[in-house]
Amino acid sequence: MRNRENPTKWESYKQVITAVSAYWVFSIGLVFLNKYLLSSVQLDAPLFITWYQCLVTVFLCLFLSKTSKAYGLFKFPSMPIDAKISREVLPLSVVFVAMISFNNLCLKYVGVSFYYVGRSLTTVFNVVCTYLILGQKTSGQAIGCCALIIFGFLLGVDQEGVTGTLSYTGVIFGVLASLSVALNAIYTRKVLSSVGDCLWRLTMYNNLNALVLFLPLMLFNGEFGAVFYFDKLFDTTFWILMTLGGVFGFMMGYVTGWQIQATSPLTHNISGTAKAAAQTVMAVVWYSELKTLLWWTSNFVVLFGSGMYTYVQKRVMDKKNSGASPASEAKSDKVKLLGRDGNAAEESV
């Protein structure tokens, strides 16, 4: 038998294709599914929908941890419930709750085609927050890329208004979501050591804390009454879709890591940018939307700016790692990835 650690070229290609395909399927599927749950289902309770997806994530983390320990069929980190760790993760969890709430509220009020542009300021906020909170400066080339993204965002907002589908509420939520994603990435770096540098364990504690943090928000938003009087509360299809949304959100954590492992952090970000472009085209076709040439130009500008920012930051990272050990280089890659992608948090819970 061929050594699995030295696969053939075809096996490597197959693994890359499978990993990238899985990332695209779960990522695009999650956005369309959440859009349906938030807009098409007659339940005005976006926070409850998000809370339930957090519940599914916590259940899957605990279930897989117990199953792994009991049967050893696969490897999954242990998930001890520790009040001390939960308190240490709590500041991040507050940001996490804001992030996933604003993401879903943005998706509720804007179309899927505009969803990427609506939250495209994440990179800009990441640069600003990294400087203000961590004191880290960014190169002039990276700032130029951010200026390009801001221009594309403003052009996109203007053209969305021209087509008559602009929601200012959705745009505001999109900007807040972008800020929250940037803050989530920064605080993740600070808190990661509290859970033994295990992203799966951090995912469990974040979602566990979120289950409690969401309760007063749902009460304040009047969602308990909306859920109680929902006419499809006992509809099987509704709960299947709700659970499927939670499973897709959970799987985003796995397929993101898989894609990075099969390719590289740079390729992962390029794949994410290409996926966003495909998602936009699919949404325009699926919802039979008519968009102006300048609207498409705004999407291209944002995508190009994001792609160039990834390339510039990768070059900076390579220079810093040129004299570093392989272990520290891998760790640096992971930290940079968190700063750009937020552990797929832009799309999942």
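The backbone N, Cα and C atoms fix where each Cβ goes, and this holds for glycine too.
According to TrEMBL, the feature transmembrane segment maps to residues 114-134, out of the candidate ranges 93-113, 114-134. Through the fold, the transmembrane segment (236-257) approaches residues 19, 22-23, 26-27, 29-30, 33-34, 36-37, 41, 49, 52-57, 60-61, 199-200, 203, 268, 341, 343-344, 347-349 of its own chain, all at least 6 residues removed from its boundaries and within a Cβ separation under 8 Å.
Taking every recorded stretch in 12-33, 141-159, 208-230 and counting its Cβ pairs under 8 Å to the transmembrane segment (45-64), the highest total belongs to 208-230. Here the transmembrane segment (293-312) has Cβ contacts under 8 Å with residues 116-117, 120, 123, 139, 141-142, 145-146, 148-149, 151-153, 155-156, 158-160, 162-163, 266, 269-270, 273, 276-277, 280, 340 of the same chain, all six or more residues outside its ends.
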